[in-house]
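These come from Swiss-Prot:
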type    : residues               : note
BINDING : C280, C283, C315, E322 : [4Fe-4S] cluster binding site
Amino acid sequence: MTVNLGMPTPPIPTLAPRRKTHQIKVGDVLVGGDAPISVQSMTTTKTHDVGATLQQIAALTAAGCDIVRVACPTDKDAEVLPIIAKRSQIPVIADIHFQPKYVFQAIEAGCGAVRVNPGNIRKFDDQIESICQAATEHGTSIRIGVNAGSLDKRLLDKYGAPTAEAMVESALWEASLFEQYGFRDFKISVKHHDPVVMIRAYEQLAAKCDYPLHLGVTEAGPAFQGTIKSAVAFGHLLAEGIGDTIRVSLSADPVEEVKVGIKILESLNLRPRGLEIVSCPSCGRCQVDVLTLANDVTDALEGIDAPLRVAVMGCVVNGLGEGREADLGVAAGNGKGKIFKHGEVIRTVPEGEIVQFLVQEANRMADEMDTTGAVEVTVS
């Protein structure tokens, strides 16, 4: 029963429309325009260790990564790019610093894109025309990757620090060099370790060009700190419609970068939701170890890809109500758990059987969603 309190119904919050951007291709992945926002990561292996690099790319792909970047600091790394690009399941971006010759090798190797840093590639500007020709011939896109830690000295002298304005000027100057040869297949990033400066830089850049933007907070830090910085910065910009591809930079396993990136997009309804675990923060009313139970449920359901929301609640006081919007859940207490679907209790099980029963029901619901797109609630 719905009680009318005489209060106006607030509108459902929505994000700003996506910024209209020029669309490019990174391998077979569309970036910009009306393409979905892609999630990127970067390998941590020595690229010339082909086996280790491809193994990590496979793990990233399995986690949902759309595009992967590999470092190319040496001749040995450049020489194996054809193998990496050919065997990778997802498009490869070669990350080039200091040596323009590696740009050409990466293009010829079949990389989906090449990242260049205008702050540190010596004698780069006078080779732009040749790079444009090679990139056009091979269908390779470019990422102009400006980084606060390697900004051109001239801009540091002008602005006194790697400000948002300095990074934007660097990016637009580099873009103009490509534009003079009619080349527009590039995306831009202006990364800073401070989310506030980073946000300001992307907002300024978005107002001055229509190129797709790659979002990133550089040197974000360990997993906990980096996740917060990236979520704050990306959430702000994506809510404004700014951003076409993202990379969460963490001092952690790159697979964690992908997981965080996907969850950020899912949280903003910018990517179809997969499995979601919601759980209460625990309090003095709890009669079960919510932290352990939530972690056990999360681990047990890890292989399920269906868009299920599963709630783990620590008591029956608010558990059923708070978990009503979940597809499946449990409100635990007094050594047992009330299992519910869409707010309706379907079974009460002993505490020791909660995880097993949730896994069983979640798998059944996932199977039904695969075949019918809907699930049936059965009470027993």
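Even glycines carry a Cβ here, placed using N, Cα and C.
As the structure is a computational prediction, the values presented were derived from the model and not from experiment.
Everything Swiss-Prot records as a feature, shown here on the structure.
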residue : record                        : DSSP class
C280    : [4Fe-4S] cluster binding site : coil
C315    : [4Fe-4S] cluster binding site : coil
E322    : [4Fe-4S] cluster binding site : helix
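Of the binding-site residues C280, C283, C280 has the largest number of other Cβ atoms within 10 Å of its own Cβ. Neighbour counts of Cβ atoms within 10 Å were compared across the binding-site residues C315, E322; the minimum falls on E322.
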